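These features come from TrEMBL:
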DOMAIN    17-381  domain 'FMN hydroxy acid dehydrogenase'
BINDING   Tyr43, Tyr149, His278, Arg281  glyoxylate binding site
BINDING   96-98, Ser125, Gln147, Thr175, Lys254, Ser276, 309-313, 332-333  FMN binding site
ACT_SITE  His278  active site, proton acceptor
Amino acid sequence: MAETNKESLLFTRVNKDTQSLPVSVEDWERQAREILPDGPFDYIAGGSGAEETLASNRTAFSKWAIVPRMMRDVTNRTMGITLFNQSLRTPIMLAPVGMQAIAHPEGELATARAAKEAGVPLVVSTVSAHPMERIAEVMGDAPRWFQLYWSNDREVSASMVKRAEAAGYSAIVLTVDTIMLGWKRRDFRNGYSPLREGKGMANYITDPVLCSRLTEVTAENVVEEILKNIYHPALNWNDIAFLREQTSLPILVKGILHPDDARLAVEYGVDGIIVSNHGGRQMDGAISTLEALPAIAKVVAGKIPVLLDSGVRTGADVVKAIALGANAVMIGRPFLFGLAVAGEKGVASVLDTLIHELDVAMALSGSNSVADLNESILVRV
Ligand SMILES: Cc1cc2nc3c(=O)[nH]c(=O)nc-3n(C[C@H](O)[C@H](O)[C@H](O)COP(=O)(O)O)c2cc1C
Ligand SMILES: O=C(O)C(=O)c1ccccc1
């Protein structure tokens, strides 16, 4: 990506199109704060409980410093990786984020266009504001995964997975940390629930199995059904076998923080792990993902890919996560702030900035490829 680097620094970053756009996630967040009402803004930016995990996701990154290597000829460096036989331009993905219409009316459709343009895979949420098939249409051949919220009616889960496979999604991400919703004080204060407002029902109202359960298909009935479906405390490792019967796609579990769970994921034949605390939105007081990563990477020992999200904001953050054992990272709120402020252009700009930051961070740390990144360039501070 040497050519992009030159261009970005000398031209793109100072040309008139990008000048008015924010250049950091903090700036995007500030602008989103101005545009969005309290309900949606707090829903997006907030965390659960006392927001301790939300904060520690960031401080964890500052507890590691990069010790850059010099004079390593980084002319021909690459950010490319291969994940489940798919070549990706960078080790960055868009995390599954539901109900994106609360940020921007075009929601996931705008995000999908930006992701496609940037060559960054998108993970579409079960509770997306547009049907997965519609989002797939926008993406054409561009890489996309489907995130599943296990339903307490497993035939609904099976139906969604089959629809995703038919619509060209190439992996299933089973989110396992949301067997019930986290305790969100900001939302209680604001009296705000996007799910209740029907912002996350597109995949349900279009689902034949879910609709067959209703006496009458109305928005109200669908929302009630979703609320019942999202609550599924019985989820356990044996459910993986059922999921495996429904699809030939790779299955990842999202929300792993304990090395023993990582070991179980491998044992139960899962194809990938996403180290995540849901961006500090579920179990407050939970360990930050960067702190959790090394022990998990050690247990997994390269048997399956390990991804990480929660708190990734800069190119240097990506370098640190990969150096500590992640194969790739995902971002959530950063792209949502971009979406809220400037729709597709905003998501595109957030991605462009992060990708260029990563390129510069790799070059200046003396790394020619993602495979070059390891703990030897990190120190605890
Ligand atoms: C508004 C919002 C909605 C989310 N919806 C989902 C979802 O539907 N499914 C899911 O697995 N994770 C969901 N997440 C969690 C993200 O996938 C991701 O784990 C988290 O945002 C990463 O942390 P970050 O925001 O600090 O980058 C959501 C996060 C936010 C902020
Ligand atoms: O807001 C969230 O983080 C989230 O993941 C979610 C889960 C279930 C329903 C709606 C949102």
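Each residue, glycine too, has its Cβ placed from N, Cα and C.
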Judged by other C-beta atoms within 10 Å of its C-beta, the most isolated of the binding-site residues Lys254, His278, Arg281, Arg313, Arg333 is Arg313
Fewest Cβ neighbours within 10 Å, where candidates are the binding-site residues Gly98, Gly311:
Gly98
In whole Å, how far is His278 (glyoxylate binding site) from Arg313 (FMN binding site) when you measure between their Cα atoms?
15
Once the DSSP letters are reduced so that anything not helix or strand counts as coil, what is Gln147 (FMN binding site)?
strand
For Asp309 (FMN binding site), the close binding-site residues (Cα within 10 Å) drawn from Tyr43, His278, Arg281 turn out to be His278
Binding-site residues listed as Tyr43, Gln147, least Cβ neighbours within 10 Å
Tyr43
Rounded to the nearest angstrom, how far is the Cα of Gly311 (FMN binding site) from the Cα of Arg281 (glyoxylate binding site)?
12
Starting from the Cβ of Asp309 (FMN binding site), draw a 10 Å sphere and report how many other Cβ atoms land inside it.
27
For Gln147 (FMN binding site) and His278 (glyoxylate binding site), what Cα-Cα distance in Å is obtained after rounding to a whole number?
13
Averaged pLDDT, computed only over the residues in the domain 'FMN hydroxy acid dehydrogenase' (17-381):
97
Out of Tyr43, Pro96, Gly98, Arg281, which binding-site residues lie by ligand 2, with a C-beta less than 6 Å from some atom of it?
Gly98, Arg281
Let me know the DSSP-derived helix, strand or coil state of Arg281 (glyoxylate binding site), please.
coil
